[in-house]
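**Student:** For reference, Swiss-Prot lists these features for the protein:
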type: BINDING; residues: Gly527, Pro528, Asn529, Gly530, Cys531, Gly532, Lys533, Ser534; note: ATP 1 binding site
type: BINDING; residues: Gly1347, Leu1348, Asn1349, Gly1350, Gly1351, Gly1352, Lys1353, Ser1354; note: ATP 2 binding site
type: DOMAIN; residues: 491-724; note: domain 'ABC transporter 1'
type: DOMAIN; residues: 1309-1544; note: domain 'ABC transporter 2'
type: TRANSMEM; residues: 25-45; note: transmembrane segment
type: TRANSMEM; residues: 242-262; note: transmembrane segment
type: TRANSMEM; residues: 285-305; note: transmembrane segment
type: TRANSMEM; residues: 317-337; note: transmembrane segment
type: TRANSMEM; residues: 346-366; note: transmembrane segment
type: TRANSMEM; residues: 416-436; note: transmembrane segment
type: TRANSMEM; residues: 866-886; note: transmembrane segment
type: TRANSMEM; residues: 1047-1067; note: transmembrane segment
type: TRANSMEM; residues: 1127-1147; note: transmembrane segment
type: TRANSMEM; residues: 1158-1178; note: transmembrane segment
type: TRANSMEM; residues: 1198-1218; note: transmembrane segment
type: TRANSMEM; residues: 1242-1262; note: transmembrane segment
Amino acid sequence: MEFGRQLKTLLKKNLLLKGKSKCSICCEIVFPIVIIGVLFAILALIKVTNSDYNSIDVTTFSRRVGPENKLLYGSEGSLNNDQSGVIETMKEQVATARGLTVAEVQDFFMEINDRTLMESFFKNYSMMVYGGVWFNSSTNGGGGGNNNDPIAAGGQFGYNIRLDSDDTADTSETGKVDGGDSSIYLNDNFASIQVAMDQAIFGYFGLDMVLNISGRHYPDPYTELWQEWITGRDAIIKSAGSVFITAALMMFSFRLVTDVVIEKETKIVEAMRMMSLNSLAYFSSWIITSLITSLPVTLLIVVIFKGSQLIYSTSWGIVIITFVLYLITLLLLSFIFSIFFNNSKFCGLLSFVIVIAINICGIFVSKNEFSVSVKLLLSIFSPIAFSNSIYIMSVKDLTMILNLNWDYIVTENQSILMLGIDIIIYIILIWYFEKVIPGEYGTKEKFYFLFTKNYWFGKKRSIGEIDDIESTFDSEDVETIPLKVLKNSTISIRNLRKEFETGDGLRVAVNDLYLDMFEDQIHALLGPNGCGKSTTIGMLTGLISPTSGSAFIRGYDITSQMSKIRPYIGCCLQTDIIWSQLTVLEHLVIYASLKGVEGRNIQREAERMATEVGLAEKMNAPAGSLSGGQKRKLCLGIAFIGRSKIIFLDEVTSGMDPVSRRQVWDFLLKYKKGKTIILTTHYLEEADYLGDRIAIISQGKLRCDGTSLFLKNRFGQGYLLTCNKKLENASNGFNTNQVSEFIKNFIPGASILTDSGAELSYRLPTESLSNFPQFFTEFDLNLSKFSIQTYGISVTSLEEVFISLGQEDSKKLNNNANGNNEFNKQNEMESLKLAIATPSDGINQIQQFKGLLIKRIQQSKKDARSFFLSIILPMALIIGSIILYKSMNDQKQVLFYNNSTQPLTMSLSIYTDSDNTINVPMQLLNNELEWSNLFNNSPYFNKFKYINESINFNDYLIDNYKLSIGAINFTNQPISIDDNNNGQSTNCSYIAYYNSDYIHSFPIHVNLINDALLRKFKNISISVTSMPFDHILTAFEISSSDINASAIIYFVFILMAGFSLMAGSFAGSIAQERTNRVKRLLYVSGCKKHIYWLSNLVWDFFFAFIISILSCSILAGVIKGAFKEQFGSFLLCLILLSCAIIPLGYLMSYKFQTYGKAVGAITAILFVFGLVFTIASLNVRIQAVVNQNSTTQKVADIIDLIFSIISPIFALNRIVFILSGFPGSTRLGTFKVDNYWSFDYLGTPLIVLAGHAVLWNVWILLLDYVPQIKGFFKNPKNLPAPSPPQDEDYDVSQERRRLLNMRPSEEPIQFKNLHKLFPGSGKNPSKTAVYNSTLGIPRGQTFGLLGLNGGGKSTTLSMLSGEIVPSSGEISINGYDVITNREKALGNISMVFQFDALISLLSAREHLWLFSRIKGIKESQIENCVEAFIKMVDLTRIANSGCGGYSGGNKRKVSLSMAMLGNPSVCFLDEISCGCDAVVRRQLWDVISELGKDKSIILTSHSMSEVEALCSRITIMKEGKYTCLNTIQGVKNRFGAGYSIDVKFKKEYLETGIQTILQSIPNCTVLDQHDVMASFEVPNPPGNPIKLSNIFSILSNLPILDDYNVGQTSLESVFLKLTGANHDQRINLYD
């Protein structure tokens, strides 16, 4: 039940993901078919031409012989009388047939009675020789003595026919040969001479008979189609067919392993496991999903192989079962591979290579005589089992031509059995490896877990048992838990520890943590960035394996019983673990099903949860289109949906606006009953409000734990006074000492807690409480004097506790360091000023180039696997191809002609002596009784088998194919026989059938019949022998005599694969930087676009050129000929190729989002195009050569040009074929290349390659300038924007009027009528992200851009930074139009994206060095500047570790530091402090405050305290529109004049607390209320002012409050008022 539901859900998920990637589906279907198509194209090159089953008449000798086509004849010394008589008879017959005299035909013949001279003449004048006849020294087989004695009865007349060895069949072979049969005797002159000689012998010996002989191909028992594949089946399929099929099927495995590893890499699969995912359901779902596309394609491949009869003898059922089982094993192997990969970069390609390598080994195993048991044992590797299958399928169709030892061959059934066993083994291995192989994420079992009792039976423990065996933790900073409560803890952490190896050495992330958590409670985990909070959650959820210690969740041990724990877990990790393609509703439906919601309730539950978390309007929106806060809401819904009892929320409200945060608070309080919720947050008011217990972790250790009240009592020291400085005086002119002295006059024990940005806070001791009224009265009167804008007072806050503990721990750390790195405000400010004051010396393109090159060097050093994939593996492939070429070239060459000159007598004995079953079927017309008399003198009479004319001769021959080498069919009335044995007929016509499996069948059968006839009537036999001349090599054959075509083809294909892989690997890095927005950040930081591309091109070209030079040098050193002579040409070819395919790969990478998919797809595309085009070109060129057809060659030239223009890889192949002298590479009629640089040879492909190089390099260099170029033709400022809203705020309208006639140079940041409309798609309507906004920001102003999630803030910044083109409107930065003059407009800005754009392999120090060079800081100043920034943001401890391992807050520090480098004039900071703890936030505030003195800054934030501390002017966006625009005080005065009060009620006063406050404070109104928390507003009208001190006195005397904060109206109150309309109903409850 559970398994079935999860399987159904996961199948739906996989199909949704697959369906949203139609390009990938097309590739999955097309690529396998293309690979099989390539195989058939290769087979087509070597297929046997369709046999001609029509009768072919023997060429009439008399019509072909002539003075320019002479017949040579002779015998050693001289001819005897019989020999001369036969020749003279032949001459007479020719003369009679031609109507000439004998004298006139004498010139048709030439007598040469010296064998050597005859051969010499033929060698020199072969073009004018029809053939030769060489007589034996004695033709008297009857025992005559003298050479001139006539042949006696029973004697033999013998002769040898001499032709060029290539014009006759191979006399060294008797059986089947590749591509040859007896038709060569008919098509060339042998049969013509044989029949003419026999006719002359008949005439000379007085047998008046005219021979009319035809030849016909023996009807095979197979179809003609079957015959076509014999050569290809033997040469290709038997040896390499399984490789092609495996490569085709591995396309599905490639996609599968990549998808699975991506889900593993992005923590998605582990997140699903945390929430009770069944691993079997997960793997099964992917198998089924893959089979949906792969199974039809596999069956199509089966249909192709069986339909084409390439596989003929093996039944359909066996082939289908074999292919399908093999496909399943490949998919299962994908899962096994995925377990060993943590990075999707390499998994697909390496899996492909491994399987192909095993398959090649399988070919070796299947072809060699290993015992069947050994082959079956090796078949546990399914590629080897499949090689055995393809081998047996092939050889079963080749039994006619192969003699096989079946004792060493694995049968199809045995292979099927092994594939079935493999499936079982692989499933077991997947289950085992998935449990024991340690990955980057997830906890693993010990390798011997099968033998442990706990695995099979498990055991829950009580807290008492746990504490009996574990150490305990005791501290006065931990609130005591009653034993009764402690025994019911749901989570018990005991000495939990986690260590990491980093670039700075061993780092202890969690240091022996000891903690308990309970049901119905929210336990808040607090701590500075990098203290171990997320690591702790990772260990508790099974995402990370602990180094030591353990934890028990509901009594189960996380180190050994995680599978028992996970059904209870719901999780929202720090990073958003979602599928960007799926919608909100699809996510919730999937997880609802996974977590046990009943099927009929799933849709309703998912919709309800989407509504509950505030995503009702986004249900059908893809998750990738959500804002950061909306993604967190989705993750929250995922964590809570279903049956989860233990909920982990890691910074769940990070990136949320205040309204959304409060919605989440309500949600958590509503659903915490029956659950244990573990919450981490950097919003301390959130922890204070939600946390039933609060634990603070510092440096991996538990610092304190207890209720909020306990912590405040334990660490608080009274009250907190928070002052907001006037922004114009916050950095300059504000006298903190003066304020401090004033306060201490009234409250002597007061001390400064924080002084960051515009915020100044003091700790006021409780013992001075009686002095507060007088102090506040005087303080109110002196606010203007002290340049204080507003202030507030609260009892000890959790933030004060946090900061206090942080300062305390910092002091301890500094004391341990002997004070060498003393951290204090003065040193911090010195570092800050030094860092920010280091100016840019102006953009230096050489310096940028240097920085980017160093970046590539550092990445290569730290990512050895990528370096291997990009450089070492391609180089190995290329060098390997050269070695293979050399080794194959040194082997015996495969000749394109027959060079056998061994004499062979055309006698049936050459076959019958070895096989007594051979017979000669014969059919005569109407003379059934006389046929035996006709042939009874033949020595092979017993081999003749008469076939009655009533029997279909063709059918009989098919049925008895294996029993005869040929047959005879008389087509006229056979000769009548009289008692004197005198032939009465003058005509004898018959068809000699020849079996293609016996190459000499035709002349043997002609001799058999003619010999029998002569024996019958004259008692003389005929012996004919083939005695070939040495082959006269053509110029083509001479030029290709040293060529091994197979070696060249293999060389070209592997060389092509090496360069394709190189280009794909380089492009993968580009895709990754684009997806991670590193490239965008470089551009925004001032990096010249062409410098970015040039640096990558130069780095990649450098290694490509090294590979090219090595390849050329090795090739020239080991291969003689053109590769050495044309070293420069080939080197130029490889250099131009590299210059073409590398930028082409860059361009192709824009279609891919991940490194792995980019590498695999680009490599495959380049290789497949090159392969297909090469095979097509070779086919046409070989046809041109074979047929000597100049028109076909011209067509080939045109095709090659087109292919070269499409594929630079093909141009490489064309050049290699020319330089290697591959047949067909030269022009017809010439066999040597006179000028390699001519357009007929290297000229054209080199020019095309140069064109490719120029085109793709120019394209890639200009690509990023396209928006700017478009801007010249279609500038958004010329497009109409919608009219401003009629109810537009007055201040917003005033700003619009202010900027109406302002020159662009007057203020650094200006945008007018800025509008962005995103068009709709599918169920998602179009959305206006920014609505006709106008704003100007002068120098020295920090502007706060506030709003709800999805309100348009990030879209605005993206338009300002040039990343998104506006729908309409005008933007100018530093006086330059962003659209038309983008480079100058963005030349001196900096930006921090909402999501950190960092290179995970590089450290913080390396990032800062890189961006220092990008921004033009002098080299001599970089080191001091970088170190100052590192010290300023407190990253010294981890500065050398890769940023990929940093906490969210530390990543923000790095991002801000990079943005601040070079003293930029304009800064865009998008949620800069998101994920930062309170201490870090204040550090960042100091930086931004210092930076903002003379710069224009736009800041987005969801922390209103941050905005008040930093911003001098703000706007609040709602639905893309500005709801207000003024200074903070101006906004407060308009929308919230008076005081704001935030209180936390004691739980027992929850019901009456609101009314008590309303009654105690006149005119007080409720703004917001959540459980025990409430916000109030108290007006302060000028005519009847209320003193803050009075309100404070009232609150301090109310016993109903746990905590309170009172001050002038807060910005958060205004924000809630302007954006929180959905809170009206709750507020109205108290009206």
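Numbering starts at 1 and runs along the chain as displayed.
Using the three backbone atoms N, Cα and C, a Cβ is placed for every residue, glycine included.
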**Student:** What does DSSP call Lys533 (ATP 1 binding site) in the simple three-state scheme?
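**Tutor:** Lys533 (ATP 1 binding site) sits in a helix per DSSP.
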**Student:** DSSP secondary structure for Gly1350 (ATP 2 binding site), reduced to helix/strand/coil, please.
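**Tutor:** SS state of Gly1350 (ATP 2 binding site) = coil.
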**Student:** Using the CB centroid of Gly1347, Leu1348, Asn1349, Gly1350, Gly1351, Gly1352, Lys1353, Ser1354 as the ATP 2 site centre, which other residues of the same chain sit with their CB within 8 A?
**Tutor:** Ser627, Asp657, Thr1355, Met1517
**Student:** Over the domain 'ABC transporter 2' (1309-1544), work out the mean pLDDT and round it to an integer.
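**Tutor:** Average per-residue pLDDT within the domain 'ABC transporter 2' (1309-1544): 86.
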**Student:** So if I exclude everything within five residues of the ends of the transmembrane segment (1158-1178), which remaining residues of that chain have a CB under 8 angstroms from its CBs? That is, six or more out.
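**Tutor:** For the transmembrane segment (1158-1178), the list is 27, 31, 34-35, 37-38, 41-42, 45, 251, 254, 258, 345-346, 348-349, 352, 869, 1052-1053, 1056-1057, 1059-1061, 1063-1065, 1067-1068, 1070-1072, 1141, 1144-1145, 1148-1149, 1151-1152, 1196, 1199-1200, 1203, 1206-1207, 1209-1210, 1212-1214, 1217, 1224.
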**Student:** Are there residues at least 6 beyond the ends of the transmembrane segment (1047-1067) whose Cβ is under 8 Å from a Cβ of it, and what are they?
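**Tutor:** Cβ under 8 Å, 6 or more out: 349, 866, 869-871, 873-878, 880-882, 884-885, 888-889, 891, 1096, 1100, 1103-1104, 1107, 1111, 1137-1138, 1141-1142, 1144-1146, 1148-1149, 1158-1164, 1166-1167, 1170-1171, 1174, 1209, 1212-1213, 1216-1217, 1220, 1222.
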**Student:** To the nearest Å, how far is the Cα of Lys533 (ATP 1 binding site) from the Cα of Asn1349 (ATP 2 binding site)?
**Tutor:** 26
**Student:** Could you check which of the binding-site residues (Gly527, Asn529, Cys531, Gly532) sits closest to Gly1352 (ATP 2 binding site), going Cα to Cα?
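**Tutor:** Nearest candidate: Asn529.
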**Student:** What other residues of the same chain, not counting Gly527, Pro528, Asn529, Gly530, Cys531, Gly532, Lys533, Ser534, have a CB atom within 8 A of the CB centroid of the ATP 1 site?
**Tutor:** Thr535, Ile697, Ser1447, Gly1449, Asp1477
**Student:** Six or more residues beyond either end and a Cβ under 8 Å away: which residues meet both conditions relative to the transmembrane segment (242-262)?
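**Tutor:** Result: 17, 24, 27-28, 31-33, 35-36, 38-39, 269, 286, 290, 293-294, 297-298, 301, 323, 326-327, 330-331, 333-335, 337-338, 341-344, 347-349, 351-352, 355-356, 359-360, 362-363, 383, 386-387, 389-391, 1154, 1156-1157, 1160, 1164.
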**Student:** Same chain, outside the transmembrane segment (1127-1147) by at least 6, Cβ under 8 Å from its Cβ: which residues?
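**Tutor:** For the transmembrane segment (1127-1147), the nonlocal Cβ contacts are 1059-1060, 1062-1064, 1066-1067, 1070, 1093, 1096-1097, 1100-1101, 1104-1105, 1107-1109, 1111-1112, 1115-1116, 1162, 1166, 1208-1209, 1211-1212, 1215, 1219, 1236-1237, 1242, 1245-1246, 1249-1250, 1252-1253, 1256-1257, 1259-1260, 1263.
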**Student:** Quick check: do the transmembrane segment (317-337) and the transmembrane segment (1198-1218) share at least 3 Cβ pairs under 8 Å, counting only pairs 6+ apart in sequence?
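**Tutor:** No, the transmembrane segment (317-337) does not contact the transmembrane segment (1198-1218).
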**Student:** Against which stretches of its own chain does the transmembrane segment (1242-1262) lie, if we need a Cβ under 8 Å and a gap of at least six residues from its ends?
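**Tutor:** Residues 1089-1090, 1093-1094, 1097, 1126, 1129, 1132-1133, 1136-1137, 1139-1141, 1143-1144, 1146-1147, 1200-1201, 1204-1205, 1208, 1211-1212, 1214-1215, 1218-1219, 1236, 1269 contact the transmembrane segment (1242-1262) from elsewhere in the chain.
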**Student:** Between the binding-site residues Asn529, Cys531, Gly532, which lies closest to Gly1347 (ATP 2 binding site), Cα to Cα?
**Tutor:** Asn529
**Student:** Report, as numbers and ranges, every residue of the chain located at least six residues beyond the transmembrane segment (1198-1218) whose Cβ falls under 8 Å of a Cβ in that stretch; write 'none' if there are none.
**Tutor:** 1048, 1051-1052, 1055-1056, 1059-1060, 1122, 1129-1130, 1133-1134, 1137, 1140-1141, 1144, 1166-1167, 1169-1170, 1173-1174, 1176-1178, 1180, 1225, 1233, 1236, 1241-1242, 1244-1246, 1248-1249, 1251-1252
**Student:** Report, as a single number, how many Cβ atoms besides its own are within 10 Å of the Cβ of Lys533 (ATP 1 binding site).
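**Tutor:** Other Cβ atoms within 10 Å of Lys533 (ATP 1 binding site): 29.
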